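Below is one structure, written out as structure tokens, with a few remarks after it.
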Amino acid sequence: MATMHKPRCSLPDVLGVAELVRRRRRRYALSGSIWKKRTLTWRIHSFPRSSALSQETVRTLMHHALAAWGIESGLKFREVGSQGPPEADILIDFVRAYHQDSYPFDGQGGTLAHAFFPGEHSISGDTHFDDEEIWTFGSKDGEGTDLFAVAVHEFGHALGLGHSSAPDSIMRPFYQGPVGEPTKYRLSQDDREGLQQLYGKGPQTPYDKPTMKPLAPPPPPPALPPGSPSLPVPDRCDGNFDAIANIRGETFFFKGPWFWRLQPSGQLVSPRPARLHRFWEGLPPQVTVIQAAYTRHRDGRILLFSGATYFFKGAHYWRFPKGSVKADPDSPQPMGPQWLDCPAPSAGPRYPRPPKATLKPEPCNCHCEINQAAGRLSSSSSWVTLLLLLLPLLVGDITSR
């Protein structure tokens, strides 16, 4: 249970039965994809905005985090600056919430970072850190999140390793805290075996000696960034959720301005809740609670509801303002245009009235039948008229005889 309360990497670690059997004798997992070259380029595209770490310190930590993997394999890592190639193999970014890769971050706590496995796609190998975390290095009071430890973990993913269940592995899905001095750090046996399964063993010095300055003593951790919650975080075990919804395969538990996400594997993304407005950018600031949510199948949009209450009957709905038992004056309204993107109905009553006692034929179905009946009646009338005209002649002829 203590592990479940730790922040974690956002890469899922769902395993099938066959994979579990295959991994019985080892703990590490392989993604099945590797880099086809042995010299990889890297670049820091953006630096953390809410950390007291200098840009030079961040660069040095990234260098040593990559070197930890290079010394155990045949891989070399070369940093490229703004004057280098337009695309680095491993592009490093510190970003917040939605950041154009369909894997949004959830604010401080929860998911810390994620990286993409090797491949031919432009995003392959890229590594993203949640910029709302308080990134630190060498913190003596335990505050913040150790950037070096998380970077080593994520670069393992960028090289093709999945999560590991080995107790001493850096690839465990949950954050374990600082791992010591970067220049002296070495991978665990499980991590070395997983890496060498992909790239083989390397020479003793597969990369050039670092020319960067030694790490300076870490500055004190910064204060919480503006907008950080000052109220106590709600306890999910208390229940009383405002809404529970299945959104794109994950189960969301809403409670006040917070929510938890449950993965299909049955694991929480984080035991710490995320803030609504940090996850859903553009949500009106006055929305402080979500009372219902669903994903519209037609276009995949996520619809969130707060405040009003809706009643549905047939093809129409009534809207009741928050705290009121009286429906809006324009209720009821057709459900199709507002909820299902259907065309607006033609002019007429918004809700069908009860049928009257006198039944009338449907205009569409009976129009043709009435015309046909009229045609038959007109034909019969013509024959009757002709017989009436001929009858005197026939009677006269019979009389004369």
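Any Cβ shown, glycine's included, is placed from N, Cα and C.
Just so it is clear, the model here is predicted, and its values are computed rather than measured.
Taken together, the residues of the motif 'Cysteine switch' (7-14) have an average pLDDT of 44. As annotated by TrEMBL, motif 'Cysteine switch' applies to 7-14.
Annotation source TrEMBL lists Zn(2+) 2 binding site at Cys9, His153, His157, His163, Met171. In the three-state DSSP assignment, the secondary structure recorded for His153 (Zn(2+) 2 binding site) is helix.
Residues or ranges marked as Ca(2+) 2 binding site in TrEMBL: Asp89, Asp126. Within 10 Å of the C-beta of Asp89 (Ca(2+) 2 binding site) there are 20 other C-beta atoms, taking all protein chains into account. Secondary structure at Asp89 (Ca(2+) 2 binding site), as computed by DSSP, is coil.
The Zn(2+) 1 binding site annotation in TrEMBL covers His99, Asp101, His114, His128. Long-range Cβ proximity for His99 (Zn(2+) 1 binding site), meaning a same-chain Cβ under 8 A and a gap of 6 or more residues, is found for Asp93, Phe105, His128. In the three-state DSSP classification, His99 (Zn(2+) 1 binding site) falls within coil.
Annotated Ca(2+) 3 binding site per TrEMBL: Asp106, Gly107, Asp130, Glu133, in sequence order. Look at Glu133 (Ca(2+) 3 binding site): DSSP puts it in coil. Glu133 (Ca(2+) 3 binding site) has a Cβ environment of 25 other Cβ atoms inside 10 Å.
The Ca(2+) 1 binding site annotation in TrEMBL covers Asp131, Glu133.
Residues annotated as active site in TrEMBL: Glu154.
The region 'Disordered' feature in TrEMBL is assigned to 196-232.
Residue density at Asp242 (Ca(2+) 4 binding site): 16 other Cβ atoms are found within 10 A of its Cβ, drawing on all protein chains shown. Secondary structure at Asp242 (Ca(2+) 4 binding site), taken from DSSP and collapsed to helix, strand or coil, is coil. Under the heading Ca(2+) 4 binding site, TrEMBL lists Asp242.
Counted within 10 Å of its Cβ, the other Cβ atoms near Ile244 (Ca(2+) 5 binding site) come to 15, all protein chains included. Annotation comment: TrEMBL describes Ile244, Ala293 as Ca(2+) 5 binding site.
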Spatial neighbours of Gly107 (Ca(2+) 3 binding site), counting only the recorded positions Asp126, Asp131, His153, Glu154, Ala293 and Cα distances within 10 Å: Asp131
Distance check against His153 (Zn(2+) 2 binding site) for the binding-site residues Asp106, His114, Asp131, Ile244, keeping those with Cα within 10 Å: His114
Residues within 8 Å of the Asp106, Gly107, Asp130, Glu133 Cβ centre (excluding the Ca(2+) 3 site residues themselves): Arg96, Phe105, Gln108, Gly109, Gly110, Thr111, Leu112, Asp131, Glu132, Ala274, Arg278
Pairwise Cα distance for Asp242 (Ca(2+) 4 binding site)/Met171 (Zn(2+) 2 binding site) [Å, integer]: 36
